[in-house]
Amino acid sequence: MTGQERSEEKSECVSLSPMMEADPALPESERVCVFGTGDLGHSLGLRLLQAGYGVVFGSRRPHSSSRLPHGAQVLGHAAAAQSAHLIFIAVQREHYDFLVPLANQLKGKVLVDLSNNLRKNQYPEANAEYLQSLVPGAEVVKGFNTLSAWSLQNGPSDANRQVYICGESAEAKEAVIAVATKLGLSALDRGSISVARELEDFPLQLFPQWRLPLRIAIGLSAAFFFYLLIRYVIYAYVTQGKDISFRIMVSLANQVCPIVSLIMLSLCYLPGVLASFLQLYRGTKYRRFPNWLDRWMLCRKQLGLLSLGFAFLHVLYTLIIPIRYSVMFWVTEHTVSLIRENRTTMFDTTTAWHDDSYLSLGILGFGLYVLLGITSLPSVINSLSWREFSFVQSKLGHLTLLLCTAHTYLYGWNRFLSSSTYKWYTPPGYMLCLVLPSVVLLLKLLLITPCVDRTITRIRQGWERGADQRNPKDSQPLIP
Ligand code: NAP
């Protein structure tokens, strides 16, 4: 550095709190530079200071940067670059050309590219690759872009403790991982700089694993809503001239919710059953499942949580039945007519048994449903062993499906055989929704029969059908 440069640096150096000024005696590994004093730069600087690093900001306007964390230094870019080996670039990609004249100062430095884009494929190459092309003498590492300024300032929670990094230089990545670890983050090395575009797409994703389950939920809800609307409201209007459209708000909703819930719960267990049959058919577990099955299996948690949501709505709708105006009206009307006509009705024990059993199975099913939902929380999963988790999610899950299916069968009770149930020759919604869970339960029953279960267990332990013939040595007993 020339004497003139040194005096320039002195004049452009601004300490925000002389008491806590970044200690020049700190070794270079303990000093970090951040280019950009905006939202992310500010939050990152604060966290770095809290972790014990000396922080030097590089800014276009070092004298007027007023909202920086106490203890940080702010310099012009050229001077700041010389103060640390590791530089976080908290500036939008559109402005990266300011780095070109700094190529000399940035030679050999580790540049961490934090940038994100507004949409996928916004630029022909990844921001990190672009940065590397602008400053070829530096080692560019992509990373930390999945964190937000807000989460950095408030301390990362479990969900955003994970950061991903990628880059060509192993040494540079190690330096970045060391900083991440000191900040309480967990850094995962995703490989070379060619992965940068994928990392840049991460923050643009909007609930990627929820998309398919949400589409299924919306599609099923809409289809069953219109089906039930035609069967109840329109049917009553056309055949009896009665307007029962007020039933749309609660009665219809309370039929759609359990129907969608039960179908989605079956959809949650169907792929596992199909996968078992596929393994049985193929006689091996070493062949990949088709993509559609893989995708389906990956969204089982979301399918299950959505079905729990619908079950919860069903419970709420059911609880409000006694306070509905129409229900109170009909109960009062019925009681008054009994008194007027001096009539009484007999207590029917069969109906009481039926009602209580149907309600009880629903309550037990919902209780297990909630348990399944709780065991899908990351903090609960972490406290369970694999065996405990699979016991709850598989054994108790199928039991939940069985209870909820039985609840629906009991709801139908003797109406399955009554011709008046089939308005316009169509079955009621609850009958339609029983098809899928019944199929899943039957298939599961087949899978747990001892001979099938034994074969599936052997396949899952690595046995392959036909392997004995292919390699007869394998089938020889070890002890003759
Ligand atoms: P910001 O608040 O707009 O700050 C950007 C900073 O860049 C400015 O404060 C400015 O600092 C500097 N800058 C602006 N124009 C410049 C130019 N022409 N030349 C040189 N420097 C210039 O943006 P941000 O939200 O902090 O985001 C910064 C980068 O981090 C973006 O690429 C963004 O995608 C990424 N990111 C942000 C977040 C977040 O939560 N905000 C999360 C992940 C990633 P000086 O005035 O000090 O020079």
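Cβ atoms here come from the backbone N, Cα and C positions, even for glycine.
These features come from TrEMBL:
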DOMAIN    31-116  domain 'Pyrroline-5-carboxylate reductase catalytic N-terminal'
TRANSMEM  216-238  transmembrane segment
TRANSMEM  258-281  transmembrane segment
DOMAIN    259-403  domain 'Ferric oxidoreductase'
TRANSMEM  302-323  transmembrane segment
TRANSMEM  358-384  transmembrane segment
TRANSMEM  396-414  transmembrane segment
TRANSMEM  429-452  transmembrane segment
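Sequence-distant contacts of the transmembrane segment (429-452) (same chain, six or more residues past either end, CB-CB distance under 8 Å): 224, 227-228, 231, 255-256, 258-260, 262-263, 265-267, 269-270, 273, 276-277, 280, 398, 401-402, 404-405, 408-409, 411-412, 416. A Cβ distance under 8 Å defines the sequence-distant neighbours of the transmembrane segment (216-238), meaning residues of its chain 6+ beyond its ends; these are 244-245, 247-248, 251-252, 255-256, 259-260, 263-264, 267, 303, 306, 310, 423-424, 426, 428-429, 432-433. With helix defined as DSSP H, G or I and strand as E or B, the domain 'Ferric oxidoreductase' (259-403) counts 120 helix, 0 strand, 25 coil. Sorting each residue of the domain 'Pyrroline-5-carboxylate reductase catalytic N-terminal' (31-116) by its DSSP state yields 33 helix, 21 strand, 32 coil.
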